[in-house]
């Protein structure tokens, strides 16, 4: 890309150049840029003059996706890190670019696949020696590379000789044919015929040799680089083994020094009869700090694998580690977390076959002008939002969808330990977010008094009931009763903030889970949900914040941290980490995973804490010690929760899960206020969005009129109450009560909202 090439404005060529408008920001909008497509790379510059020195950006088309928005716009993205929103001058120009990009992408993908198969990524030049490689290994590697270069040159010479033999043989054959055409008699003619026969034999032999050489050359070229790649892999593996052995030798030396120091400390303790630490432990702490050195951008704590039999040794024989073992964690083996891991819901046969599909989502384009022109002259609270932004379930049904993984609470109800039970409750609190990763649609706002009942007593053992108890601000109450030993309830209201590019949704309220066994009562709150790219771009959702799952019966606690998405983070996206501690703050379990895929747990064996005060260390060394994280030695991690696979073709059904597909299924015997009875929601599910928009607007306007009438009645009652306080009369069950004299009621009684006065004192 450093040398400008002459433009070849044909999509089938290797290089394609031209001016395209690129989206820059909200202030400048689309700006004209010079784009160059060459060798599977799409680069752009501000001007053509910049091609020789400054490239503004490049996308590798081998791993990129190309999407068409409309007649002139198209989008190129490589998976999130780079996205170009482009606009051509006309539809014809846009089609030329799309054709050129698709051809270049196919060619780049094909070249990459061939490179992976034949080992093209291996270079004949000697690579830099890895760290720790000896001079002898480097010399041997140089010798191997020299031999490979010699063989490559010989193969090239053989190819050249092959071409020369073929060329000269053809010339000799032509000359002999010309001699044969001459009319010669006698001995000269016999000699020529003899030479011709020998030349024919030579040609046959040469052709056989040429064919053999060609086959050898093809095989050599096909397999040589694979052999080179295999040789390089063996060499790298040997170097890694040497480095591993060197590290093991260092660790063995450290362990020997630590053992000698512990032996001296034990001897001192036995002679003095004291349990206080000796001076020799400071050097051992330094060794541990060196072994468990915290990395840059380290998490709140660090976990390292521990020997399952390590806990059997006395804690006094291990220097630098503080045992944090509870009385219920003394037998730490690899048995399952709960005695019965099977899912109780699998033992019952469903009494009703639930639906597994809904009508496909229509591909309706959203016309912003049609929405804005209907909003002219209206208040902001009266602007109807179209169902294009919704999904065909209500917020009450979305709350009931938290029970997708109710098996976690079923397993938790069987646990004999409160700490084990806390792990399941924490996993359940995380699992409720797994359905939001693809679900960018907004649920329908429930009407005041709207309810939703989900009866799964025969299939799953629970029954759920939700109700919208407030409209402004919107608030819902949710109660679940399970026959398998647990009860769940929550009261949720939502606060949102629009921040330009994204919306932050902050659920307010507390979730309660109560287990009959042990009478354990757990509470937690929800984290903040962020919807990105509200104005421009593809919507995507992220969860961030912290959750404290607290057992109010025992004082145990699980602290969960949802890491927000960051472009510069090295961690996996949507990461969640958690630590289960008892009432004394001792760690027992570590949880890790992602809120959209799975969670794993590890039982803590021991922990070592970093000290903020070193032995004479100052400056940067002292700061590093102060920032040192707690290191937990844990057993092998095991899976506690895994996300269920989405149904087939879920992308055409709003990315609904199997449970979500059944939430709006029509059922007999539900209340008239049930969410399944909403006509606008039912019309949207059927794909009749225009009718759904009209019905949604009618219901919202009816709710507003009912609210205005209720406010007028409340204002009238307040006015009547204030007037009665001024006359000294107040309400009773059968009329007015005078506050100035012992009379009990007015002369004639209440007529409407007017009072005729007191029968005793005459006050009116």
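Quick reminder: no glycine exception, Cβ is built from N, Cα and C everywhere.
What you are looking at is a predicted structure, and each value in this text was computed from that prediction instead of being measured.
Record note: among 302-345, 346-389, 390-433, 302-345 is the stretch given as region 'Disordered' by TrEMBL. Checking the ranges 603-626, 627-650 against TrEMBL, the region 'Disordered' annotation falls on 603-626.
The range from 220-254, 255-289, 465-499, 500-534 that TrEMBL describes as region 'Disordered' is residues 255-289. Residue ranges 115-141, 142-168, 169-195, 547-573 are listed, and TrEMBL annotates 115-141 among them as region 'Disordered'. This prediction places the mean pLDDT of the domain 'PH' (13-106) at 85.
Long-range Cβ contacts of the compositional bias 'Basic and acidic residues' (675-715) within its own chain (Cβ-Cβ under 8 Å, at least 6 residues beyond either end) map to 358-362, 364, 382, 384, 386-388, 390, 392-394, 396-397, 444, 446-448, 450-452, 471-472, 664-667. Helix, strand and coil residue tallies for the compositional bias 'Basic and acidic residues' (675-715), in that order: 37 helix, 0 strand, 4 coil [DSSP].
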